[in-house]
Amino acid sequence: MGYGEEVDSGHARLHELGYKQELKRDLSVLSNFAFSFSVVSVLTGLNTLMGTGLNFGGPVSYVYGWLIAGAFTLFVGMSMAEICSSYPTSGGLYYWSAKLAGPSWAPFASWITGWFNIVGQWAVTTSVDYSLAQLVQVIILLSTGGLNGGGYQASKYVVIALHAGILLLHALLNSLPISWLSFIGQLAAAWNVLGVFLLMILIPMVATERASAKFVFTNFNTVNEDGINNKLYIFVLGLLMSQYTLTGYDASAHMTEETKDADKNGPKGIVSAIGISILAGWAYILGITFAVTDIPHLLDKNNDSGGYAIAQIFYDVFKSRYGSGVGGIVCLSVIAVAVFFCGMSSLTSNSRMAYAFSRDGAMPYSSFWHKVNKHEVPLNAVWTSAFIAFCMALTSLGSLVAFQAMTSIATIGLYIAYALPILFRVTLARKSFTPGPFNLGSYGIIVGWVAVFWVALISVLFSLPVAYPITDQTLNYTPVAVVGLVILVVSSWIFSARHWFKGPITNIGNSSEEA
């Protein structure tokens, strides 16, 4: 190190943990935050699941549900940030579990956390890009006259082809050097922030009819075609929109090996992404809800958008004011760009997780996944993750109901992976955990237990039936999929991995080798 050269604390900490620096450390705290903020993407989750929120509870469900989910998510994020500060590696959650569970439990803890994390990430990438394909289809439908005006309604095969094209673009973008991705990530964060404020002001301002403040803050929609009448049950199901949106902030952890001073900036990225998303999301919810005046009409499968709630809101607002819904279609395009950025950042995070997991030998053909090109980009992990996301979306061709469970699987799978290292932190490592620069002090244990409680609760809630009577078309496949994943992960451990997987392994030959 030359005279006057600044010491990167994250680089030094990575070396202490036994890893040689292989990825280019170009990301600032702003860039690290941008990746998580783009994956959380208020405009993605709140808009693609607006129909769910309206159907299960309406304004009360998502106005207050957002604040409840946001508050508890902040507990989860703060606990994760504290651990990230101590262990700033691309492996993130599975590495944390290994270190916190202790030597005897480390391999199994690492194995199960890692697989829940990566499968959850694949499900997120799949659901985000498929949601974008559906949104593009709705934009085309409205642009060609709408459902009642002879508009073009794409088949499920066209939608899956759009999904494939979107994944291809995301894989190409993720093949660029990290400096380029950093710029795109910051652009994505700016687009999300500006898009939120543009739409939350523009839509109610253009609307010729506006909801009253009483409607926005007190209306509770109990009318649905799903056979559910219990108000608490309805409210719980409406929470999915909020909790699904508030996922993916582990991207900051997976990008730490490419972030300057990662032991400080990685945790800041996690917490700030959640905090700013909560504020921006609530403001957006309030703004859009003032333009909601007829919930049954917005959810009607025979309306111009085919029942796509947010599209119908925008379309109706501009059509009632100007006699044409073109302005609404333009606003939908703003959302589509945000969803595109969300999918791109999701694949970035996904590929870094696969890169790190394979570095420790946990993935089949690990040497293939772990390869880094001349630009220090894990190219094979990028393209293979995109391919897996495409394969997961193929379930939509057989049953859209089964595919829709991806939303819940993505939420539950990721949150289980979030909760496991936190659980180990407050139990097995309660006295041995050594905090980094970002820490919660004496509140760490309390915050951790609240986070674990919340994850356990939503894992049960989002496994409940969403329609009655229960048939093969109304069954909530989430618990089936999650239990299936548990069986696969645990059985692969018992019959194979326990004999060879030893948890995270260092890539430094000896302690004196330069990282």
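Keep in mind that glycine also has a Cβ here, set from the backbone N, Cα and C atoms.
Fair warning: this is a prediction, and the values are worked out from it, not measured in the lab.
Residues or ranges marked as transmembrane segment by TrEMBL: 29-50 (among others).
What TrEMBL records for 62-84 (among others) is transmembrane segment. Sequence-distant neighbours of the transmembrane segment (62-84) (same chain, 6+ residues past either end, Cβ-Cβ under 8 Å): 46, 53, 92-93, 96, 100, 216-217, 235, 238-239, 241-243, 246, 249-250, 252-253, 256, 263, 266-268, 270-271, 273-275, 277-278, 281-282, 285-286, 289, 415, 418-419, 421-422, 425, 435-436, 438-440, 444, 447-448, 450-451, 454-455.
Positions annotated as transmembrane segment by TrEMBL: 130-150 (among others).
Annotated transmembrane segment per TrEMBL: 157-176 (among others), in sequence order. Within the same chain, residues 125, 129-130, 132-134, 136-137, 184, 340, 343-344, 347-348, 351, 375, 377, 379, 382-383, 386, 389-390, 393-394, 396-397 sit at least 6 positions outside the transmembrane segment (157-176) and bring their C-beta atoms closer than 8 Å to a C-beta of that stretch.
TrEMBL lists 188-207 (among others) with the feature transmembrane segment.
Per TrEMBL, transmembrane segment is recorded for 270-292 (among others).
Within its own chain, the transmembrane segment (322-343) has Cβ neighbours under 8 Å at 38-39, 41, 43-44, 47-48, 125, 128-129, 131-132, 135-136, 138-139, 142-143, 146, 166-167, 169-170, 184, 187-188, 191-192, 195, 198-199, 202-203, 206, 304, 310-311, 313-316, counting only residues six or more beyond its boundaries. Feature annotation from TrEMBL assigns transmembrane segment to 322-343 (among others).
Annotated transmembrane segment per TrEMBL: 381-403 (among others), in sequence order. Long-range Cβ contacts of the transmembrane segment (381-403) within its own chain (Cβ-Cβ under 8 Å, at least 6 residues beyond either end) map to 121-123, 125-126, 129-130, 156-157, 159-160, 163-164, 167-168, 170-171, 174-175, 347, 350-352, 354-355, 358, 368-370, 472-475, 477.
Among the features that TrEMBL reports, transmembrane segment is placed at 409-428 (among others). Counting only same-chain residues 6+ beyond the ends of the transmembrane segment (409-428), those with a CB under 8 A from a CB of the stretch are 76, 79-80, 82-83, 93-94, 96-97, 100-102, 105, 109, 112-114, 116-117, 119-121, 123-124, 126-127, 240, 243-244, 247-248, 250, 444-445, 448-449, 451-452, 455-456, 458-459, 462-463, 478, 481-482, 485.
Tertiary neighbourhood of the transmembrane segment (440-464): same-chain residues 72-73, 75-76, 78-79, 82, 233, 236-237, 239-240, 243, 408, 411-412, 415-416, 418-419, 422-423, 425-426, 430, 433, 476, 478-479, 482, selected by CB-CB distance under 8 Å and a gap of 6+ residues from either end. The feature transmembrane segment is assigned by TrEMBL to 440-464 (among others).
Residues 108, 111-112, 115-116, 119, 401-402, 405, 408-409, 412-413, 416, 459, 462-466, 501 of the same chain, all 6+ positions outside the transmembrane segment (476-495), place their C-beta atoms under 8 angstroms from a C-beta of that stretch. Feature annotation from TrEMBL assigns transmembrane segment to 476-495 (among others).
Taking every recorded stretch in 29-50, 130-150, 188-207 and counting its Cβ pairs under 8 Å to the transmembrane segment (270-292), the highest total belongs to 188-207.
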